[in-house]
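**Student:** One structure, pasted below without further comment.
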Amino acid sequence: MNSSKSPGLAGFGVLKNTTCHTEKKISVFFSIIFMTAGILSNSLAIVILMKAYQRFRQKSKASFLLLASGLVVTDLFGHLINGAIAVFVYASDKDWIRFNQSNILCSVFGICMVFFGLCPLFLGSVMAVERCIGVTKPIFHSTKMTSRHVKMMLTMVCLFAVLIALLPILRFRAYQIQASRTWCFYKTEHVEDWEDRFYLLLFSCLGFLALAISFLCNAVTGITLLRVKFKSQQRQGRSHHFEMIIQLLAIMCVSCICWSPFLVAMARIGLREGRSEDTCETLLFALRMATWNQILDPWVYILLRKAVLRNLYKITSGCCGGHGVNLHVWELSSIKNSLKVAAISESPGSSKQINLQPLSSMGK
């Protein structure tokens with residue numbers, strides 16, 4: 001019954017001696033709350049990002065908005081599909097033997113868990129790379145990072161995540177019902193085969209790699225923006241630098257805090273032979289933490305906008321009793337103005353262009 005080579009019976013062996021018992025009402029409540037919160041927050045973020053994309057369609061901010069829209073759309077479908085399957089499992093009293101005779105539902109659930117887990121992490125790292133290129137190499141970004149290239153990157157990221165999710169199926173390794181009987185994933189109980197450990201380590205390593213790329217690129221972007229802010233005497237870029245740095249810090253904190261427990265747990269199970277010390281309650285808690293990342297991701301773009309940050313700054317200044325720095329009117333294209341300041345400060349030919357302007361005007 002425990003044989004991973006038999007797709008029709010895979011995973012049912014864990015139903016016999018399960019040591020994980022979850023309260024049905026509490027678990028259903030958590031599933032419904034997570035699904036509803038994720039759908040509402042991601043839907044609101046999609047509306048805001050699509051309106052912003054229509055406004056900045058021909059500007060440098062369009063590529064960032066397109067990637068952000070792809071991220072929240074992925075999170076939305078993740079909550080819809082995974083949440084619907086989880087609620088169905090709870091409503092069926094977790095009787096997998098009755099409704100999963102051919103293991104189709106568990107396979108679909110496992111594929112969706114892997115895909116909607118890795119794809120947002122990949123998209124977050126791609127967004128970090130895009131922002132890093134846009135700030136450090138604005139001329140290259142404006143000429144090479146077109147909407148067509150961004151759509152190609154989105155497609156490649158999704159296809160790569162689909163390939164990772166389908167890899168066990170292609171290798172005739174069925175996804176397993178976990179000890180809590182509420183979700184399906186790679187084999188996490190009595191992992192002894194090297195291939196089972198490989199899938200767990202692959203998922204964990206890819207997740208940590210995406211977080212590392214995001215952290216590195218966001219750090220470079222933040223340092224570059226601070227350097228430009230201190231070098232430039234133009235006051236128009238201050239509020240835009242403040243906005244970008246706050247967003248970068250929020251994205252990094254949310255991703256690292258929410259995903260680290262689950263990735264660490266998968267890595268520990270993959271590296272440890274035999275039975276893992278991680279209980280199913282620990283895995284279930286880590287899974288819920290990872291789910292919160294998909295709920296909080298859209299709120300980074302909903303709350304950390306220019307108008308919201310400006311109001312928060314005024315409220316904070318009023319509560320502290322200080323006047324603070326007088327923030328100027330926030331212009332519409334914040335990222336574009338930041339790139340202008342970066343281009344003027346960092347481009348070696350900027351002084352030559354400034355000196356050539358009077359000559360061209362005299363020629364005219």
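Each Cβ is built from the backbone N, Cα and C atoms, and glycine gets one as well.
When I checked TrEMBL for this same protein, it listed these features:
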type	residues	note
TRANSMEM	26-50	transmembrane segment
DOMAIN	41-301	domain 'G-protein coupled receptors family 1 profile'
TRANSMEM	62-90	transmembrane segment
TRANSMEM	102-129	transmembrane segment
TRANSMEM	150-170	transmembrane segment
TRANSMEM	198-226	transmembrane segment
TRANSMEM	246-271	transmembrane segment
**Student:** Based on Cβ pairs under 8 Å, which of the stretches 26-50, 150-170, 198-226, 246-271 lies most in contact with the transmembrane segment (102-129)?
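**Tutor:** Highest pair count goes to 198-226.
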**Student:** Please give the sequence-distant neighbours of the transmembrane segment (26-50): residues at least 6 beyond its ends with Cβ less than 8 Å from one of its Cβ atoms.
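**Tutor:** Sequence-distant neighbours of the transmembrane segment (26-50): 65, 68-69, 72-73, 75-76, 78-80, 83-84, 86-87, 90-91, 182, 288, 291-292, 294-295, 297-299, 301-302, 305.
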**Student:** Give, as a single whole number between 0 and 100, the mean pLDDT over the domain 'G-protein coupled receptors family 1 profile' (41-301).
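**Tutor:** Within the domain 'G-protein coupled receptors family 1 profile' (41-301), the model's average pLDDT equals 84.
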